[in-house]
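Below is one structure; the comments refer to it alone.
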Amino acid sequence: MIRSTIILCSLIIFGIVSSIQAAPLLHKRFAGQGTFYEVGLGACGKVNNDNELVAALSAPQFGSPPNPNNSPFCGRQVRVNGPSGSVTVTLVDRCEACQFGDLDLSPTAFQQIAPLSAGRVQITWDFCLNRSKDRKISGGNKPLANTEDRINIKGRGALRP
């Protein structure tokens, strides 16, 4: 009986400590360059178009999963802040030319944060809290989420949501 109680208490304490250690992961904002690209078939295996609010995550952050279609970042939403405003986009691709912190946006998304003539702008961004992680894009530029809650990921290299 005492042994069972000790094991149970240990598991509870382990869970609390794990939660406390994960807490700093929820408060990271990324900074980098925002650009735009001609959207098409992305690393996540879906065909999207320039009118959708979508983006490509930098290769250092996206990582190199064996099957990019199954990346934990596919379908995740991020809130991007730029010189002229902000926009929530869905990650659908990997940007090979991007540095850590950069995002490559669809033209429609880029226009929400800067004019297309700017080409490249300073941005900050963070992960949105997706209550059902993947709200798959069903076409058009339908809003994918209305939440302003955030999940932010800490660290360099491949991130784990």
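Glycine is no exception: its Cβ is also placed from the backbone N, Cα and C atoms.
Record note: among 114-137, 138-161, 138-161 is the stretch given as region 'Disordered' by TrEMBL. For the domain 'RlpA-like protein double-psi beta-barrel' (31-124), the number of residues in each DSSP class (helix H, G, I; strand E, B; coil) is 17 helix, 37 strand, 40 coil.
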